[in-house]
Amino acid sequence: MCSVLRFQRNMASWVKRHVFTFDLGDIQEKRGSDSGSGQSRSTADRYFNAVFGLGLLLFCIVCMAYLSPFLGSDLPQCRSVTMYPSYALVQGFDRRFSRLGRKYHLYLYREAGKDNGFSDDNEIHLDGIPVLFIPGNAGTYKQVRSIAAATANLYYGEMRDALNNNNTKNLDFFTADFNEDFTAFHGRTMLDQAEYCNDAIRYILSIYELSDKYRASGEPLPTSVLVVGHSMGGIVARVMTTLKNHIPQSINTILTLSSPHSTAPATFDGDILKIYNAMNAFWESKFRDRDKDPFYAENVSVISITGGVLDSVLPADYTSLEGIIPSDNGFTTYTTTIPWVWTPIDHLAIVWCDQLRIVVAKLLLELVDRTSASKTRPLPDRMRLARRSLLSGLESSASADFHLWDNEDYIFQPKVAPGALTTAQEMSPILLNVETYDTLNEYNYLAIPHNEPNLRFSLLTSLENLEELHILFCQNYNEHNSNGPIEYSSRCVSPSQDFIHVPRSFENSKYPSESSVGSASLPFKALHFNQTLLSKYDFIKFRKPSKSSFKDEDFVLVELSTTDWQTTVNCNPFQLLLSSAKFAHNASSAPFIQTFRFPYLSSSLVSYKLDVSYTGENLVFEPFIAQSIDSPFETKWHLRLRDSVTITIHSEAPFIPFESHYDKSVKLRLIAPPDCNINLSLSINWYMTLKFLFIRYRLAVAALPLSLVSFVLANQFALYYSSSFFPDFSTTLRAVTSKFWLKLTLSSILLTPILNISFIQRLIHSLDPSGVNSPFLIRKKNIMTAAYYLGIREIFMCWIGPLLSCITLSLVYMLAFGISTLESCVRRVSCYMSTAISKTRMKEIWLKDECEYEEGLVLRRRIGSGIMILAVVLYVPYQLVFVLLFLVQLNTVIKLNINYFNTKRHSNLRNYNSSYLLLMLCVLPINAPMVFVFLHNFGRRWVTSFRSHHNCLAILPIILLVCDNAGLRIPRSHCIERISKLITIGSFLYLSLYSVIYGIRNLFWAHHLVNLISGWLLFTSLDLTSNN
């Protein structure tokens, strides 16, 4: 007992010395200074006003930056689409086949005039390959129409011969109708959708078993379904494989559009986080333990496509598959990377953007195989097709997919005399256009040197018809003749299948998408081979095309170079704070495709500005830049370099795990015409950097204000316990700012490096009360992540902490000012409308020293509490009751100001209830999404199971405390043990610390902490010695 008392005294002494060092006199002095007119403001007030003004200014700048339009390559360039949709309800799929058959529905899409319609028996006889489309959060089943229509038009149209698949077949698109459910906010809804889709796949496969057309065709019946998911629909597709009703091997190809694979976009519901952990653990184990179940490693492919910077619904970084799906089974790509698309796309447009839907439709038709029961090609062929269709072809890993590796369609040519070969050192880039056509030999032979690590072959052309371009890669070949001596010849192959498409860049070109699919202009074609591939061959034979194939602006540029093609620019963000990084392209010594690598610029949070100046007249094309990152596969093309270029990247992002051994460097691949010297300067674009803070830290708007409000409440209760006076929130906030703001700012800076220490991460993980965070670092050594605080790994980004802190202070003060303004208005209105009699009566009833309640009011509060508890147990989620309690607390604050009395007890009641109202206001955004889900389901006349949200204990303390507040009681400041006071203060401090460290990724748990604190406040407000 003595040791416990000694601990209490020591703890109280430490708190008094180090934490709450301002006293009541300071607060009262500030109150008097605020109320007195003409008095000079104190230094503390000026300090607070400076911090508040700075935060408000930063908030306005961030909002203005967020609302400002994108420029250059980040501008949206999607074209509108036309289609003739029709939807056939699959009426047979009802509650007999799925318990959710009344809530959800299944439709079959038919493109009018293309797909087979109803037959004479008023049924649709399917003969294609099944595809299931899963809409996303609040999505509709009709979103399937764009991709499905493009697939039908491509298959039944004139472009069918362009498909690289002799075994392709028409696709039957089924689409799920989820009544626009909010999948991202409610875990139970996500599980329901996954369960329904598994039942739908079972039913879809049974339809084909009954199809007369399929039996007549002699083709094997389908055993799997291709799945296309938009937004959260892509996550539903992956969750499907983890459920018990999943049919084994029924899914082997998943294509997702803007789906947040790596982390949940919203953390309002703990079930969502648990589902993500279980899903990612399941998929990771399937690829890790391939000996037990080889199906996933040998058959399943997952492709993630994201729209990039224009996606304002969720950060594009969240779509990464890194660390979840091996590179042999899937990858993430950006629409700016995809050939023939080359434009960023917003979250909704990604399902209808004309350029993308054509590419996706072509890919789907090339992935399928009607002769296989799985109806898809083998995994290596699917992945190779996906990489060729969705990646730029300039990635470091792209050479593995070139046909030049294993091309055996040999063309035998006569032996070339050694004197006809031109070495790379003797040769300048070969430029062929209308002006130089007659100066070039008809045949040109380029000798390929060996043991040259920097050897590169590059070709760029604007010719429309590649058949006019005759280029061969040859080996010296000895042909044995049985009737005579050995004959020497050359064995050559054509690289025609390895050409990649890059955006057109002439003087009148503005945007990369101007040469995308369906445009009037055609893109450039290019070849780019490294030394490893070239080492298989001895020389290159190039024959110039016919002169009639050249238009005035057409050109062919060929180069075999041994010059170092990559330049490393060793600048870091700290150096860019002081000056810009300058580098140059020298046309006389550098290859026309030169790469500038920035190994220390890898943060997705920082945007850069690139200023370019170049010289040269009559350039055959305008220089352009391919900005790229190898993981994830993001390439962005920049034209019109005379204007400032904005560099935005998606590499190392907050809260996103990444593999540490991958190269995260930013690469700027400059493609320059001959005789064009270029100077480049790179600096930080602060305005665009602030623009991207909002999309990545939206959840901080709920977490950080709750932290500050809790910290101020801890100080309010400390002063209340020491003086029996409960100060108002705004005044305490000013005192806290003047006393602790420098310390808090320093802490917000130091938290970033501290929480990146491996030992600290493990410690924080072990102390996490929610138990839903599962940092990849703990499971795999090569996976890095920062799951706590702001999710930042770079020391340079430590400034984000103080910036968000200033903005948080401004937001909290404006909320407190709003409540104070409401109270002031209520008092003024009450002053005019209330009579002296009613005031006297209310004083007698409400503000008796012994708090003698009217029995009628007490009875009504008890009945109301019982109804709310019963409603939570039987029907509504506790989040809805929280919203109602917020309104009750607001009513209490209003009533306290309607009957205003200038007494200490009334002041305590008013300040305490106003502060608690502000605390509830900070928790309200956390609970609001679940209320939307409930009201949406209620409107659809269906009650989705809220299993984890019917726990009355999750709201009971708040119910009782709010009702207790309505009875005008306040936690006692006297006759209370010292340890109880420390528990109250410590609880608020813990809530404040939790909201900072865990809050952004665990918002749902903040409600439970507030609930526990409310229970404790209720306990301290009880007078256990009283009969009441």
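Here the Cβ of each residue, glycine as well, is placed from N, Cα and C on the backbone.
Of all Cβ atoms in the shown protein chains, 30 besides its own fall within 10 Å of the Cβ of SER231 (active site). Secondary structure from DSSP puts SER231 (active site) in coil. Swiss-Prot lists SER231 with the feature active site, giving similarity to another entry as the kind of evidence.
In sequence order, no residues are near ASN166 (N-linked glycosylation site), counting only same-chain partners six or more apart with C-beta under 8 A. Per Swiss-Prot, N-linked glycosylation site is recorded for ASN166 (among others), and the stated evidence type is sequence analysis.
Feature annotation from Swiss-Prot assigns N-linked glycosylation site to ASN299 (among others). DSSP assigns ASN299 (N-linked glycosylation site) to a helical segment in the three-state reduction.
Non-local neighbourhood of ASN530 (N-linked glycosylation site): SER399, LEU455, ARG456, each in the same chain, at least six residues away, with C-beta under 8 Å from its C-beta. In the three-state DSSP scheme, ASN530 (N-linked glycosylation site) is classed as strand. Marked as N-linked glycosylation site by Swiss-Prot on the basis of sequence analysis: ASN530 (among others).
As annotated by Swiss-Prot, N-linked glycosylation site applies to ASN586 (among others), with the evidence given as sequence analysis. Counting every protein chain shown, the Cβ of ASN586 (N-linked glycosylation site) has 11 other Cβ atoms within 10 Å.
Under the heading N-linked glycosylation site, Swiss-Prot lists ASN679 (among others), citing sequence analysis as support. Classification of ASN679 (N-linked glycosylation site) by DSSP places it within a strand. Less than 8 angstroms from the CB of ASN679 (N-linked glycosylation site) sit LYS582, ALA584, VAL612, SER613, TYR614, each of them six or more residues away in the same chain.
Same-chain residues lying 6 or more positions outside the transmembrane segment (51-71) and placing a CB less than 8 Å from one of its CB atoms are 309-310, 344, 646, 687-688, 690-691, 693-695, 737, 741, 803, 805-811, 813-814. Marked as transmembrane segment by Swiss-Prot on the basis of sequence analysis: 51-71 (among others).
Per Swiss-Prot, transmembrane segment is recorded for 699-719 (among others). Under 8 Å from some Cβ of the transmembrane segment (699-719) lie the Cβ atoms of residues 15, 19-20, 23-24, 27, 266-267, 725-727, 729, 732-733, 735-736, 790, 804-805, 808-809, 811-812, 815, 911-912, 915, 918-919, 922-923, 925-926, 971, 981, 984-986, 988-989, 991-996, 999-1001, 1003, 1006, all in the same chain and six or more residues away from its ends.
Positions annotated as transmembrane segment by Swiss-Prot: 740-760 (among others). Within the chain carrying the transmembrane segment (740-760), a Cβ under 8 angstroms from the stretch's Cβ atoms is held by residues 47, 51, 777, 786, 788-790, 792-793, 795, 797-799, 801-802, 804-805, 809, 996-997, all 6 or more beyond its ends.
Taken from Swiss-Prot, the feature transmembrane segment applies to 799-819 (among others), supported by sequence analysis. For the transmembrane segment (799-819), the residues of the chain that approach it from at least six positions outside its boundaries are 51-52, 54-56, 58-59, 62, 605, 693, 697, 700-701, 704-705, 707-709, 712, 729-730, 733, 737, 741, 744-745, 748-749, 751-752, 789-790, 792, 893, 914, 917-918, 921, judged by C-beta separation under 8 angstroms.
For 867-887 (among others), the entry in Swiss-Prot reads transmembrane segment.
Annotation comment: Swiss-Prot describes 915-935 (among others) as transmembrane segment.
Sequence annotations record features per position, and here Swiss-Prot assigns transmembrane segment to 948-968 (among others) based on sequence analysis.
Residues or ranges marked as transmembrane segment by Swiss-Prot on the basis of sequence analysis: 979-999 (among others).
Swiss-Prot lists 1002-1022 (among others) with the feature transmembrane segment, giving sequence analysis as the kind of evidence. Note on the transmembrane segment (1002-1022): residues 267-270, 273, 699, 702-703, 706, 768-770, 772-773, 879, 882, 919-920, 923, 926-927, 954-958, 960-961, 964, 969-972, 976, 980, 983-984, 987-988, 990-991, 994-995 of its chain, located 6 or more positions outside it, place their CB under 8 angstroms from a CB of the stretch.
Distance between Cα atoms for ASN299 (N-linked glycosylation site) and ASN586 (N-linked glycosylation site): 48 Å, as a whole number. With Cβ pairs under 8 Å as the measure, the transmembrane segment (867-887) is packed most heavily against 948-968, out of 915-935, 948-968, 979-999. If you take the Cα of ASN586 (N-linked glycosylation site) and the Cα of SER231 (active site), they are about 45 angstrom apart, rounded to a whole number. Outside the transmembrane segment (948-968) by six or more residues, the chain places 187-188, 270-271, 846-847, 851, 853, 857-858, 861-862, 864-865, 868-869, 872-874, 877-879, 881-882, 885, 888-889, 891-892, 896, 909, 912-913, 916, 930, 1007-1008, 1010-1012, 1014-1015, 1017-1018, 1021 with a CB less than 8 A from a CB of the stretch. Around ASN299 (N-linked glycosylation site), taking its Cβ as the centre, 18 other Cβ atoms fall within 10 Å, counting all chains.
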